[in-house]
Amino acid sequence: MNQTVDGVAPNKSGPVIEIDHVTKRFADYVAVADADFSIASGEFFSMLGPSGCGKTTTLRMIAGFETPTSGAIRLEGTDVSRVPPHKRNVNTVFQHYALFPHMSVWDNVAYGPRSMKKDKSEVKRRVDELLEVVRLTDFAKRKPGQLSGGQQQRVALARALVNYPSALLLDEPLGALDLKLRHAMQFELKRIQREVGITFIYVTHDQEEALTMSDRIAVMNAGNVEQIGTPTDIYDRPATVFVANFIGQANLWSGRQTGRLNRDYVEIDVLGSKLKARPGDTAIEAGGHATLMVRPERLRVSMEPPVGDVAAVRATVRDMTFQGPVVRLSLVAPDDSPIVAHVGTEQQLPLLRPGDEVYVCWSPDASLVLPAADIPTTEDLEEMLDES
């Protein structure tokens, strides 16, 4: 399926895309700072972050719409940093699909191979194959205006895939769809990517999209790549406070790491108690400032003191909010730190009122000690997402 780039045969043994210490400046503004990672063949790779983090600039450099200030971008082993977009074997799908309104679905998809002077039988084979993959065979004769938003999205995908690119670049393509359709299209995109086996590079600020579809995620912030990993790695073992806060919801409490208990656990002085916790990947010296992270759904709340190998603190109930499958408990620790717990509605939660004293506990394996950092407030996060 892979073709040549600027007349040079691709190296199929290495990664499809290599971002080699790439920096992009616009005057004095650093949009991307020393990005260094690779993307494997057949991988669904997402770049995730708030507005201004550098994800779209990185995608535009891969596509050829921007040129790196320094570093190199390689496509199947060939340096394409200064190769124009039309000579790179990649295609891009944007939020606005730019389908030809006067052409049928079939002719829209056929536009690419026809422009490459493929013979009629090859054009038919490719178009029919892609329409079957995106499940639009029965809509081949319709015009784009006769399709739903999700169907138009799939036409745009088929048109971008029909020339067999080495990688498909997707710049927030689901942003124009309503919430329910956007959720459905997440699973459709992943299904299509698995069927065609082509590398997808996906840009989004939506953490749910990235977690649902991706094989790996690069979380970006202020031009820097904060962490690259699988969705499970990113969620369960975030490398920084920013990643922990941006991916899902997290309790983040400032404290001091007092020492190492054994190979697997450390002790951290936080929430007015000394608690057993998992160390993160960044070493922190004894006595050093640190941040303890625990996800709200990993907390348990009870009126009775917990037993067994658990971390536990006393807390005071501030508020309870019913949110369908969970009850959101807002609590405060003895040192006035806020605690948020998500308790499944199927659990036998005691009847609680604001002001009640409870025990909040969790397994040490559910916690993670991260390097100390400023902890964003709820207002900071809402502003960040609004700007995205």
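Each residue, glycine too, has its Cβ placed from N, Cα and C.
From a predicted model like this one, the values you see are computed outputs, not experimental measurements.
Here is what Swiss-Prot records for this protein:
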type	residues	note
DOMAIN	17-247	domain 'ABC transporter'
BINDING	GLY49, PRO50, SER51, GLY52, CYS53, GLY54, LYS55, THR56	ATP binding site
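Annotated features taken from Swiss-Prot, shown on the structure.
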residue : record           : CB count, 10 Å
GLY49   : ATP binding site : 30
PRO50   : ATP binding site : 19
SER51   : ATP binding site : 12
GLY52   : ATP binding site : 17
CYS53   : ATP binding site : 27
GLY54   : ATP binding site : 24
LYS55   : ATP binding site : 29
THR56   : ATP binding site : 20
